[in-house]
Amino acid sequence: MAINSAAIRWHGNSLELLDQRLLPTQTVWLTISDSQQAANAIREMVVRGAPAIGIAAAYGLALEAQRLGDNASLPALATAIECLASSRPTAVNLFWALERLQRTAGERTGSELVQALIEDAESIHQEDLAANRRMGEFGAALLSPGATLYTHCNTGALATGGHGTALGIIRSAWEAGTLAGVYAGETRPWLQGSRLTSWELLNDGIPVTLVADSSAGQLMAQGKIDAVIVGADRITANGDTANKIGTYTLAVLAKHHGIPFIVAAPLSTLDSELPDGSHIVIEERDGSEIRQIQGKPVAPAHCPVYNPAFDVTPASLISAIVTERGVIDAPDTSKVLAHLQASH
Ligand SMILES: CSC[C@H]1O[C@H](OP(=O)(O)O)[C@H](O)[C@@H]1O
């Protein structure tokens with residue numbers, strides 16, 4: 001079946017990904033034909049956002065099985081699985097999707113395996129959109145009428161199977177008439193906030209004000225922010241949360257100012273295998289992302305750079321974790337396992 005979302009177009013047996021590196025000034029769709037191309041698209045952030053990465057990886061593996069045809073089998077897909085798994089290390093959704101498709105594959109081979117993987121990838125895509133809509137309702141109910149929110153990075157339709165996680169709550173609150181507006185942090189160095197979130201919210205007619213990341217503290221001190229709402233790339237068993245670099249800073253500022261700090265993520269982002277955030281592998285990306293802005297050098301070419309793409313926020317700084325199952329409220333935000341088990 002064909003499934004279209006903001007960043008991912010599946011045509012039943014072929015895949016297109018919106019090149020998010022070029023937004024908002026250019027809309028270019030790339031055709032992805034196999035697992036190697038899917039892995040490259042994830043690594044180079046053509047497609048990004050934890051849930052979208054998982055969906056793209058699932059389609060990438062299904063396409064590889066389709067390419068193998070009668071020779072398709074789980075052993076024959078081992079290299080493709082490793083190639084996809086090595087594309088980016090932090091978003092657990094990538095590994096969750098690959099593990100789910102491997103379970104689906106089982107002993108199937110040939111056309112039976114191809115069809116099973118395609119159908120499972122399609123289900124992952126559709127389930128994510130449904131999860132985001134449920135998350136949106138749960139999260140919007142946490143907000144006071146007329147709330148002004150601060151958000152970081154991009155957690156919208158571009159980062160998921162549609163609607164979004166934190167941005168999905170923002171969309172649901174706007175639809176419910178309870179949202180006054182949003183401050184969006186630009187999110188250096190990759191500028192997901194200024195390039196993607198502002199674009200999504202303006203397209204939806206949702207009041208958004210773009211700010212430099214360094215403005216967040218002053219906005220909170222001025223009493224302009226009613227809640228901070230962010231996404232996640234991996235939430236460990238105790239509620240520690242990996243998200244875009246700068247998230248931890250926002251959590252500390254929110255705590256200092258007594259402002260609710262809300263994390264929104266589907267169950268596919270919960271990692272019951274890791275006991276706490278100290279075990280999360282934090283991706284470090286090329287220094288050119290810091291030394292340049294949109295490819296234009298701004299720092300000396302030989303300047304050393306430290307460029308972690310994520311940081312970890314301890315559960316103690318999180319007011320609520322919102323999933324499609326419901327809300328884990330502080331001080332129980334460490335009770336992720338119980339939440340996961342309740343959802344089965
Ligand atoms: C719902 S997206 C979750 C998460 O993914 C983003 O990272 P990236 O743009 O590097 O893939 C960001 O951390 C979002 O909060």
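Cβ from N, Cα, C; glycine included.
For the substrate site, TrEMBL lists ARG48, GLY49, ALA50, GLN192, ASN243, LYS244; matching the candidates ARG67, ARG88, ARG171 against that entry yields ARG88. In the structure shown, across all protein chains, ARG48 is the one of the binding-site residues ARG48, ARG88 with the greatest number of other Cβ atoms within 10 Å. The number of other Cβ atoms within 10 Å of the Cβ belonging to LYS244 (substrate binding site), over all protein chains shown, comes to 27. Taking the Cα atom of each, GLN192 (substrate binding site) and CYS153 (site 'Transition state stabilizer') are about 5 angstrom apart. Cβ environment of GLY49 (substrate binding site): ALA7, ALA91, ASN154, THR155, LEU158, ALA159, THR160, GLY231 lie under 8 Å away, each six or more residues apart in the same chain.
Rounded to a whole number, the C-alpha distance linking CYS153 (site 'Transition state stabilizer') with ARG48 (substrate binding site) is 11 angstrom.
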